[in-house]
Ligand code: C5P
């Protein structure tokens, strides 16, 4: 619990392993996203587990229920801890995802993507054509995810306390868009520090570029862990 997952958004396998080599002997949480998985396939997951890392496979599945069921059945053959599906795929699709992992050997927990942290209010209303405010949409999608049997959701830190209030105690919360006050926000619109994530009650955080693009990734990782774990560190 309280894992920090480093988002491995690299362009090549070489870059990925050059980064992971710096953490040799350390067990860290890593987030493998679409680019890594499309580039290297399942073998990259096996290698990361062999190195002792805990894997969050963030493929954000979103398709018709039967296709998502089959995808999740395949993905649960891999030794991963967490998987993601889009809550905007609806209840039936999320239930199909749960059925898929339940039939596999590893049974990773599934988290639902609510609204991406790169989405802001204007984009929600104008580009996606979804009326209402962003927070209400996130809360609604979190409740739908819980009703569908998902283990938790992904959201920005700003929504965590409201999600926790609107769902049961064991419903998990993972938050990307994490930055130190001195970091660039990049393309993220709703950012928060690791301490703010902890105080809001997040169960997991994802940190990408502030660690992967740092001149000293190991030191940057330690700094984020320190703030994330607080006095328990
Ligand atoms: O580099 P950065 O810290 O912004 O990376 C955040 C990671 O979290 C990226 O891999 C991105 O795909 C992922 N993510 C996100 N917002 C979500 C879900 C996942 O930024 N709602």
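Including glycine, each Cβ sits where the backbone N, Cα and C put it.
As recorded in TrEMBL, the features of this protein are as follows:
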ACT_SITE  58  active site, for OMPdecase activity
ACT_SITE  60  active site, proton donor
ACT_SITE  60  active site, for OMPdecase activity
ACT_SITE  63  active site, for OMPdecase activity
BINDING   9, 31, 58-67, 117, 179, 188, 208-209  substrate binding site
DOMAIN    3-224  domain 'Orotidine 5'-phosphate decarboxylase'
Task: Number of Cβ atoms other than its own within 10 Å, given for residue 60 (active site, proton donor) - done: 16
Task: Close in space, distant in sequence - residue 58 (active site, for OMPdecase activity), Cβ under 8 Å, 6 or more apart - done: 7, 31, 32, 33, 34, 82, 83, 84, 206
Open item on the list: Can you tell me how many other Cβ atoms are located within 10 Å of the Cβ belonging to residue 62 (substrate binding site)?
Closed with: 17
Open item on the list: Please check the binding-site residues 62, 65, 208 against ligand 1 and give me the ones with CB under 6 A, sequence order.
Closed with: 208
Open item on the list: Counting only residues 6+ away in sequence within the same chain, which have a CB under 8 Å from the CB of residue 9 (substrate binding site)?
Closed with: 33, 35, 36, 208, 209, 212
Task: CB contacts for residue 59 (substrate binding site) [other CB atoms within 10 A, all chains] - done: 17
